[in-house]
Amino acid sequence: MSSTWSLTSSLATTEQTRIQSSETSTLGTNITTLVTEILTTPSDIYDPRLTRPFAIICLFIGSIGNSLSFIVFTQKQLRTHSTFRYLAYLSIVDLIVIYLGLGHLILRDYFHLDIRERSLFLCKFHTFLTYATTHLSSWILTIVSIDRAIACTVIRLNKRFCRPKSADRIFVAMCIVIALINSHILFFMGSKQTVVRSTGSNVSLHQQVIICTHNTSEVYFHFFEKPYSIIDLFSYVLIPFLIMTVCAGIIAYRLFFSLSKTQLTNASKKKTRKGTRRAKQISYMLLILNLVFVILLAPIVVGQVFQELNQEHHYRLYNSITLVLSYSNHALNFVLYGIASPQFRLTLRQLLGLGNINTTQRRFQTFGFFTSTGL
């Protein structure tokens with residue numbers, strides 16, 4: 001569920017309504033279709049005083065954070081673990097999300113350039129990527145939680161599931177499934193309309209314009225507004241949050257209750273204690289992640305449920321806040337997944353030349369018990 005897309009879609013729908021209204025009125029005065037410059041601006045449905053500075057700041061922070069996270073997670077000592085492999089993919093996907101959304105917003109607000117109106121292909125492809133990447137980001141977070149839950153509970157499945165090659169296959173499979181779910185956008189989104197603009201002295205100019213909206217037919221409009229909106233809501237927020245919550249509960253039970261009662265040999269107690277301490281840190285991080293995830297995305301769900309159709313301009317401040325929160329989720333993931341991980345900090349210090357290599361390697365060797373995921 002993309003806040004940027006819902007705002008853009010509302011603008012396009014409004015534009016299409018005005019074009020149709022203009023056509024009707026000009027026919028009544030015996031003039032061929034006359035369309036003046038579109039008066040609709042992005043400020044009709046959100047407050048640019050809030051979104052303009054946020055877009056610049058969030059794009060800057062998100063670019064640095066996600067790029068840095070990708071570099072760290074692809075280092076030799078980390079990329080051999082499935083969890084960090086997922087987080088490397090997450091960094092790239094989140095980077096794409098913020099450039100698709102915030103880059104589009106900056107171009108439109110600061111340069112009055114809407115790339116979705118440049119061609120029908122850009123309308124379809126940009127909208128498709130916006131939906132697909134936001135869904136993919138949520139599901140990568142979900143797979144991270146599943147990966148951790150399996151790593152500390154099901155030993156046999158752990159050896160098959162929690163491996164780098166398995167992570168690569170699962171990521172590719174997710175990309176294919178999400179692409180198929182959103183593929184209808186590539187076929188039915190947007191339309192071309194021929195309009196006539198007045199140039200003065202009773203001279204008219206025929207011109208084709210791109211209307212990037214799902215209101216291209218009655219069937220697709222109703223599909224997009226009802227069934228697909230529900231699919232979007234569940235796939236972007238509700239199902240991932242439920243799965244992450246269940247996995248966090250499993251991990252917490254395993255680490256804080258089941259593991260404490262496990263009888264261990266003296267030889268393995270020290271190593272296990274170190275690994276358990278590290279794993280508990282990741283469990284705390286996952287619990288915080290679940291909380292942050294629902295806090296940042298819950299307003300989008302509320303708005304989707306309670307806002308009236310095509311009445312977004314009545315909720316300008318609320319739409320602005322949801323836009324800020326949703327892209328903060330993609331720009332600041334590296335804080336929760338990266339900075340909260342001891343191995344991330346160690347690798348980052350090594351890359352920056354701030355730590356002793358021998359000391360760093362010894363610290364990596366202390367991560368026992370849950371080393372299948374590298375956390």
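Cβ atoms here come from the backbone N, Cα and C positions, even for glycine.
Any TrEMBL annotation is an automated prediction that lacks curation.
Just so it is clear, the model here is predicted, and its values are computed rather than measured.
Here TrEMBL flags 65-337 as domain 'G-protein coupled receptors family 1 profile'. Sequence annotations record features per position, and here TrEMBL assigns transmembrane segment to 54-74, 86-107, 136-158, 170-189, 233-256, 282-306, 318-340.
Under the criterion of 3 or more C-beta pairs below 8 Å, with sequence separation of 6 or more, the transmembrane segment (86-107) and the transmembrane segment (318-340) qualify as touching. Most Cβ pairs under 8 Å with the transmembrane segment (54-74) belong to 318-340, among the candidate stretches 136-158, 170-189, 318-340. Taking the domain 'G-protein coupled receptors family 1 profile' (65-337) as a whole, pLDDT averages 83 in the prediction.
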